[in-house]
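Here the structure comes first, spelled out in structure tokens, and everything after it is commentary.
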Amino acid sequence: MSSLANKAKSKGKSSKSKSNVNTQVDELSDSIGLVVRVMTAVVDIKFDGGKVPKILNALESKKFYNGKKLVLEVSQHISDNIVRCIALDSTDGLSRNDEFIDTRAPISVPVGRGTLGRVFDVLGNTIDDCGPLEESKYIIKPIYSEIPKLTDQKIATEILVTGIKVIDLLAPYLKGGKVGLFGGAGVGKTVLIMELIHNIAKAHRGVSVFAGVGERTREGNDLYHEMIESGVINLNEKDQSQAVLVYGQMNEPPGARLRVALSALTMAEYFRDSENQDVLFFVDNIFRFTQSGSEISALLGRIPSAVGYQPTLAAEMGAMQERITSTNNGSITSVQAIYVPADDLTDPAPATSFAHLDSTTVLSRQISELGIYPAVDPLDSTSQALSADIVGEEHYEVAKEVQRILQTYKSLQDIIAILGMDELSEDDKLIVARARKIQRFLSQPFHVAEVFTGSPGKFVSLEDTVSSFKGLVEGKYDHLPEAAFYMVGSIDDVIKKAELLQKEGKV
């Protein structure tokens with residue numbers, strides 16, 4: 001793919017050649033409607049035959065706009081023969097009395113092995129300039145499906161090892177669980193997601209489905225090329241690829257941004273239910289899903305609720321989140337980047353997401369300002385998996401001791417700022433020294449950031465992580481300099497770095 005900047009061009013090609021919207025209906029008079037009103041992303045269509053389309057049906061234009069057909073989704077019945085629809089692409093060029101056909105089916109997308117290594121838009125059209133899909137390797141499924149029955153769901157108690165120390169030790173992820181990455185702008189949510197995709201594809205050989213919801217086109221392009229370079233996507237043998245990308249980017253209408261997560265989730269559900277796989281489902285960014293819903297809600301004329309969000313916020317979030325679960329066939333482990341407006345966790349958008357999560361990874365601006373990456377807050381991040389029953393007694397005790405030391409250091413910082421280190425007791429001085437080493441040891445070089453940092457990425461096993469921090473809290477490494485703990489992998493790397501610093505006379 002040359003660039004996702006050419007997306008519109010390739011979308012046009014794929015739409016003309018093969019559309020995934022079911023248009024195989026007789027063009028009877030009662031299935032054709034006329035545009036009577038256009039309000040940017042919301043369009044009113046009149047059906048004179050008296051038979052209006054069902055809610056969530058897709059309507060497709062009879063003519064092309066900017067090289068492709070326009071698809072609308074029915075959202076409201078506002079009279080006996082008029083429906084209000086959400087546009088899933090730009091309405092530029094649309095005018096009154098233009099004709100639309102009721103497809104008599106919801107939006108549908110391709111699913112199956114043929115989707116691996118490809119990039120799609122919300123309608124399931126390929127946008128990567130790699131040609132059409134192989135027809136024998138995919139089927140078409142609607143983006144709306146039932147939530148798995150309670151009897152089919154499985155309780156998740158197995159840890160998903162990410163290779164990232166701060167996560168595996170203090171806020172471990174459950175296989176089949178839902179994880180929220182919380183953070184303001186520019187603290188590293190997308191980089192952390194890219195590293196998780198890289199590590200899990202390499203360590204677990206699992207399929208990842210990535211939903212780009214309302215984020216930058218440049219980031220989507222970077223992620224695609226990073227996956228090619230790391231081998232997650234194999235351009236020569238698509239079947240060997242381990243990821244599917246579905247994008248509804250920042251420049252697209254709110255309808256596309258609202259539905260793209262469901263398109264990607266439908267692809268993930270196929271791998272779980274039909275191929276019995278453990279799937280990783282990444283969403284970047286779940287806040288944009290909420291934001292696009294708010295835009296659509298205002299255009300549809302609904303009365304807003306708190307802070308201007310849509311009154312259906314909790315229902316829309318629940319309808320998507322409840323489909324992300326483990327079943328007897330396989331699991332979907334979801335990692336969702338959640339932008340926090342003005343770093344306010346009480347904002348309704350991130351607050352609504354909290355109820356659905358098993359783990360929260362909070363990215364802190366204060367930690368990123370210290371130059372510690374990933375900038376995960378070890379005290380604010382939580383996980384239901386951090387219990388002795390799931391992670392084991394040793395891991396649990398080490399994690400709690402690390403948190404105790406860091407919490408004590410945090411409570412001493414005001415005293416240090418006012419009176420200085422000399423006024424602390426010897427015990428407190430020791431805790432501060434260990435806490436500063438722990439803080440730096442929680443940093444880690446990432447594989448996906450090698451081109452920026454020049455440092456090779458590190459994948460640290462869970463056993464190494466627990467044993468390294470156990471030695472640290474027990475005081476086995478009190479003699480090593482603080483600088484040796486910064487941006488390394490395991491404790492063996494710390495010892496090597498300490499020896500190097502000593503040779504160079506920097507300690």
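Backbone N, Cα and C atoms are what each Cβ position is placed from, and that goes for glycine too.
Swiss-Prot has this to say about the protein:
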type: BINDING; residues: Gly183, Gly184, Ala185, Gly186, Val187, Gly188, Lys189, Thr190; note: ATP binding site
type: REGION; residues: 1-22; note: region 'Disordered'
Beyond the listed site residues Gly183, Gly184, Ala185, Gly186, Val187, Gly188, Lys189, Thr190, identify every same-chain residue whose Cβ lies within 8 Å of the center of their Cβ atoms for the ATP site.
Tyr339, Leu363, Ser368
What number of additional C-beta atoms lies within 10 angstroms of the C-beta atom of Gly186 (ATP binding site)?
11
Cβ atoms within 10 Å, counted per site: which of Gly183, Gly184, Gly188 has the most, among these binding-site residues?
Gly183
For each of the binding-site residues (Ala185, Val187), count the other CB atoms lying within 10 A of its CB, then report the residue with the highest count.
Val187
Same chain, 6+ residues apart, C-beta under 8 Å of the C-beta of Lys189 (ATP binding site), given in sequence order
Leu181, Gly183, Asp284, Asn285, Ala337, Ile338, Tyr339, Leu363
Long-range Cβ environment of Thr190 (ATP binding site), under 8 Å and at least 6 residues apart
Glu215, Glu219, Leu223, Asp284, Ala337
